[in-house]
Every structure is written in structure tokens, then in C-alpha cells.
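Peer 1: What Swiss-Prot records for this protein is below:
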BINDING   Cys15, Cys18, His19, Met61  heme c binding site
Amino acid sequence: EADLALGKAVFDGNCAACHAGGGNNVIPDHTLQKAAIEQFLDGGFNIEAIVYQIENGKGAMPAWDGRLDEDEIAGVAAYVYDQAAGNKW
């Protein structure tokens, strides 16, 4: 099971520069809100699609595969999913 505490730490240290508070400082409409993830993420709103995006990047977002390990990617994906699913952003 993914570690949400690890995911939050990874998010805060690596993702928050562009995605603080679930937003997007580069492309404002492409937030980490559930509706935006459903609309813009290849594969829709699910853990696998979030993992794919983190690993491979897209557009202005860099690929994190090789920069974060498997547990870190799983954790941050679970954290993003949990925050968005619960409208916690």
C-alpha cells in the first residue's frame, strides 16, 4: 500500500513548486482538482493514470521516472489522488 505521508513529503519537496495547493503555476486550468484530472489526464482520474503522468511527464511537466523511486512515485500518486478525491486541495 502506498505511503501517504511519504507522498506528501515527496509532493512538498518536488511538485509543490508548480502544484502548490493542488494548483498549476504553469498552465492554470490544469490543476490537481478531480474535475481537471478527469478532463486533462490521459486515462482519467485513477491511480494508474496519475502514476503514468508522474513517470512520463507531459507538456511542461517533466518526467520523474529515474528521479523518484517506485515507492516515492506510488506515494505521491496516492497523495494526489487522495487530496483530489476528497476535495482537500
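Residue numbers in this text run from 1 along the chain shown.
Each residue, glycine too, has its Cβ placed from N, Cα and C.
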Peer 1: Same chain only, sequence gap of 6 or more: which residues have a CB within under 8 Å of the CB of His19 (heme c binding site)?
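Peer 2: In sequence order, the residues whose Cβ lies under 8 Å from that of His19 (heme c binding site) (at least 6 apart) are Phe11, Asn25, Thr31, Leu32.
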Peer 1: Tell me the Cβ neighbour count for Cys18 (heme c binding site), meaning other Cβ atoms within 10 Å of its Cβ, over all protein chains shown.
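Peer 2: Cys18 (heme c binding site): 15 neighbouring Cβ atoms within 10 Å.
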Peer 1: Taking the recorded heme c site as Cys15, Cys18, His19, Met61, identify the other residues of that chain whose CB atom sits within 8 Å of the mean position of the site's CB atoms, giving them in sequence order.
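Peer 2: Neighbours found: Ala16, Ala17, Asn24, Asn25, Val26.
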Peer 1: Please work out the number of neighbouring Cβ atoms within 10 Å of the Cβ of Cys15 (heme c binding site), leaving out its own Cβ.
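Peer 2: That number is 19.
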Peer 1: What is the number of other Cβ atoms found within 10 Å of the Cβ of Met61 (heme c binding site)?
Peer 2: 17
